[in-house]
Amino acid sequence: MTTRTVQRNLWASAAVVLVLLLLWTDTTGGYFAAIDETETSKNCFCELEGSINDCSCDVDTVDHFNNMKIYPRLQSLLVKNFFRFYKVNLRQECPFWPDDSRCAMRFCQVENCEEQAIPQGIKDKGEHKEKAAFKYTREAQVGGSACSDGEDFDSSLGFLDTSISDQAHREFELWAKHDEAEEDFCIVDDHEEGSQYVDLLLNPERYTGYKGESAHRIWKSIYLENCFGGNNETANKFSNYVPHLDLRNVCLEQRAFYRIISGLHSSINIHLCSKYLLSESKDFLDPQGIWGPNVKEFKRRFSPETTSGEGPHWLRNLYFIYLIELRALAKAAPYLRREDYYTGIAEEDDEVKLAINDMLSVIENFQSHFDENALFSNGIASIKFKHDYKEKFRNISRIMSCVGCDKCKLWGKLQTQGLGTALKILYSEKLNLATESGLWDKPHIEADPIFRLSRTEIVALFNAFGRLSNSIYEMENFRCVLR
């Protein structure tokens, strides 16, 4: 064999080895190839690590705390009768524009609640007896005399009429409502004509097909008309939202407001992606179709490529609103422990009260709560900010009446009311006064305490927090699929 032949064979062998090596490297590139920093940085979760801005907590801590301790407890609690029936007005007219965009899809409709399905204790709660002025009515005075009706006592001469006239009662009622509404961060409509009980288990929050101009108008109104706004208007289609870099140039109150709305928006989008209509074919588990996670839709809503780099920051804002509502539950814990959670079903009522106490203890032991005192702490300017917050959130709850999909409207109203209740708790002077005076430690509390939440507010608070908890849990599932 000549030298030339040997060299030719060696070159051929080397070429074969090189080709095989290249093929092998390509197929195993997931393990051995150099990591492309550009590629790894462009995923939905690239910002979900480290400290949560404006909070003394990090993402991993919240993930573990929620997924291991809070989410399982909420799953068993929110199916109970006290929390599954929510009273809401879905017939309220839109106060901002003609209601011209009704969703005709069957998934937009709310399934009516059977009257007999609602526990009697909820229906017969006697809402008027919760009002501050009730104790002055004639009804409240009947049978309330401590005096003897003996023969030596002329009741007609000694009777002290402690009741008030119907006209005065109505005026007291208006004063009481006004005083209570002063601390509200949302519009409460459960007492209005047209309000009804809705079974939340029959109407889960999931994809309905409601989209297009009507849906965009809702969020555009919330962001543009209610947000404090940024200085830089970007040219892309996400100019309705404040770019995260612009948030560095605004004060904490403005930044927190935007992050709360953005976090709520992200949470709702995660619900739609995790409970997506995959097929309208009837399934034995759900006659309305086959539902499940849609990874493609999740990436479309949150990946940097489709959101001009903002999607991962929107996901990060979910943790911010979660910590706000978590802190509200911790602050209201002494009050919430005094609630009866009454439905008239004694065994279940006892179970709910035990479950509430257990979850509140877990929440109170969380080490990195949001510091609500960081907001509105700048003297006179803070008074105006606090007033603006209330007006803006009340306006957002009005906008929810403009949603053209009844099921979307239901969950939008519930979550904005839950958020409003959380803010009411965090910034209520009455709650601060009651707590500082040791009111919740007393064995007996007067029928009309200085601070009070209605049943509807409590139901909204826990269910809204349940939605945020569910979003963080579902996000971990998407993260596992996209790794």
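Glycine too: its Cβ is placed from the backbone N, Cα and C atoms.
Around HIS265 (FAD binding site), the same-chain residues at least 6 positions away in sequence with a Cβ under 8 Å from its Cβ are TRP219, ILE222, TRP314. Feature annotation from Swiss-Prot assigns FAD binding site to ARG206, THR208, TRP219, SER262, HIS265, ARG301.
Within the same chain, the residues at least 6 positions away from CYS57 (disulfide bond) whose Cβ sits under 8 Å from its Cβ are SER51, TYR319, LEU323, SER368, PHE370, listed in sequence order. Feature annotation from Swiss-Prot assigns disulfide bond to CYS44-CYS57 (among others); the stated evidence is similarity to another entry.
The 10 Å shell around the Cβ of CYS46 (disulfide bond) contains 17 further Cβ atoms across the protein chains shown. Sequence annotations record features per position, and here Swiss-Prot assigns disulfide bond to CYS46-CYS55 (among others).
According to DSSP, CYS402 (disulfide bond) sits within a helical segment. Other Cβ atoms within 10 Å of the Cβ of CYS402 (disulfide bond), summed over all protein chains shown, number 21. Sequence annotations record features per position, and here Swiss-Prot assigns disulfide bond to CYS94-CYS402 (among others) based on similarity to another entry.
The disulfide bond annotation in Swiss-Prot covers CYS103-CYS108 (among others). Using a 10 Å Cβ-Cβ cutoff, CYS103 (disulfide bond) registers 22 neighbours.
Around CYS251 (disulfide bond), no same-chain residue at least 6 positions away in sequence has a Cβ under 8 Å from its Cβ. Among the features that Swiss-Prot reports, disulfide bond is placed at CYS227-CYS251 (among others), with the record citing similarity to another entry.
As annotated by Swiss-Prot, disulfide bond applies to CYS405-CYS408 (among others). Of all Cβ atoms in the protein chains displayed, 25 besides its own lie within 10 Å of the Cβ of CYS405 (disulfide bond).
According to Swiss-Prot, the feature N-linked glycosylation site maps to ASN232 (among others).
Annotation note: ASN395 (N-linked glycosylation site) sits in a helical segment as assigned by DSSP. Swiss-Prot lists ASN395 (among others) with the feature N-linked glycosylation site, giving sequence analysis as the kind of evidence.
Taken from Swiss-Prot, the feature signal peptide applies to 1-29, supported by sequence analysis.
The binding-site residues near CYS408 (disulfide bond), taking a 10 angstroms Cα-Cα threshold over the set ARG206, THR208, SER262, ARG301, are ARG206, THR208. Of all the binding-site residues given, namely THR208, SER262, ARG301, those whose Cα is no farther than the 10 Å limit from the Cα of CYS108 (disulfide bond) are THR208. Sequence-distant neighbours of THR208 (FAD binding site) (same chain, 6+ apart, CB under 8 A from its CB) are CYS103, MET105, PHE107, CYS108, CYS405, LYS407, CYS408. Of all the disulfide-bonded residues listed (CYS55, CYS408), CYS55 has the fewest other CB atoms within 10 A of its CB. For the recorded positions listed here (SER262, ASN395), the lowest count of other CB atoms within 10 A around the CB belongs to ASN395. Of all the recorded positions listed here (CYS44, CYS46, SER262), SER262 has the Cα closest to the Cα of CYS94 (disulfide bond).
A separation of roughly 9 Å, to the nearest angstrom, links the Cα atoms of ARG301 (FAD binding site) and CYS44 (disulfide bond).
Of the recorded residues, CYS44 (disulfide bond) and SER262 (FAD binding site) place their C-alpha atoms 15 Å from one another.
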